[in-house]
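Have a look at the structure below, then the notes.
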Amino acid sequence: MTLPPDRPAPAPANVRTGLLLGVVSALAFSTLGVWGKLAGQVGLEAFNALAWRFAAVALLLLPLSRGLSGPDRRRMLGVGVLYAAATICYFGALERVTAGATALLLYLAPAFVILLAWLSGRAPRRTQLGAVTLAGAGLALVIGLPGPADRDPAGLLLGAGAGVLYATYLLASERLLAGVPALASTAHMALVAALVFTGLAAGGGTLGVPDTAAQWGVIAAMALLPTLIAVPALYGAVRHLGAARTSLLGTLEPLFTVILAGAVLGEQPGPGVVLGGALILAGALLAQWPARPVPARERRGLSGRR
């Protein structure tokens, strides 16, 4: 995937909108851990719950996605495949290494975004590298570093693969979905994810219809907050800020998860988590530092060398 050498600086109003959407997306995504725990408590298996979550969103949004061209739909489905592939790697890693190590590798996506963009011709800024360093240190404190139970090479490779694929998903969203409505992109991503998780649940013998009000309530909450709200907000943030800045805002998600777990489930964070949260917040803020404007003479010189 080829990216332009650099992204033009967005207008201040677009930056504010992008920041708001990025924070809303991270906050909405952070509720998924709480709903996942509640799903287990009401007797829902993970793949079955996720299949219903995405199927509900696809059924709701696909009728609103009419009038799109064939190429637009193919691009949206392709981006959805990247998301599904990242998710498969994530769950594959969970079966082999701890949840903390898997999450840490996934949330290294900002570093992978910057690396992939660099390989495509977009050099990273020093503020971006500093932001990734701060966020990575904060994530290590909030989530935890890999330990003795995390020595399975296949598990670590799958976790890293989840991070790389999620970074590619964000870059593809920036490059391929710029002119596509966010709700339409969400609909097609949800369609792909619904098919994937339905297959995984069926293959594992756990596919079934929820049969209690509590189960349907959890699925409705999973469909609303970390999907119908979080995913369109993510696409909007990528459109306004780019994949790198948006991915660093996404590192706020585990911090929000810890806060919600304390409020809803009574899980109180320790001092290390508080310090890690401060580092994550500092990294997210540093990532939003405006780029130095390139003088017109320098831009002309760069243009002449391309």
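Numbers run from 1 along the shown chain.
Cβ coordinates are placed from backbone N, Cα and C, and glycine is handled just like the others.
Pulled from TrEMBL, these are the features on record:
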TRANSMEM  17-35  transmembrane segment
DOMAIN    17-143  domain 'EamA'
TRANSMEM  47-64  transmembrane segment
TRANSMEM  76-93  transmembrane segment
TRANSMEM  99-119  transmembrane segment
TRANSMEM  131-148  transmembrane segment
TRANSMEM  154-172  transmembrane segment
DOMAIN    155-286  domain 'EamA'
TRANSMEM  179-202  transmembrane segment
TRANSMEM  214-235  transmembrane segment
TRANSMEM  247-266  transmembrane segment
TRANSMEM  272-291  transmembrane segment
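Between the transmembrane segment (99-119) and the stretches 47-64, 76-93, 154-172, 179-202, 247-266, it is 154-172 that has the most C-beta pairs under 8 angstroms.
Among the recorded stretches 17-35, 47-64, 272-291, the one sharing the largest number of Cβ pairs closer than 8 Å with the transmembrane segment (247-266) is 17-35.
In this chain, the transmembrane segment (131-148) lies out of contact with the transmembrane segment (179-202); the count of Cβ pairs under 8 Å, excluding pairs fewer than 6 apart in sequence, is fewer than 3. When the stretches 131-148, 154-172, 214-235 are ranked by Cβ pairs under 8 Å to the transmembrane segment (272-291), first place goes to 131-148. Between the transmembrane segment (76-93) and the listed ranges 17-35, 47-64, 131-148, 154-172, 214-235, the one holding the most Cβ pairs under 8 Å is 154-172.
Across the domain 'EamA' (155-286), the DSSP tally of helix, strand and coil residues reads 111 helix, 0 strand, 21 coil. Between the transmembrane segment (17-35) and the transmembrane segment (214-235), the number of CB pairs under 8 angstroms, six or more residues apart, is three or more, so the stretches are in contact. Residue counts for the domain 'EamA' (17-143) under DSSP (helix as H, G, I; strand as E, B; rest coil) come to 105 helix, 0 strand, 22 coil.
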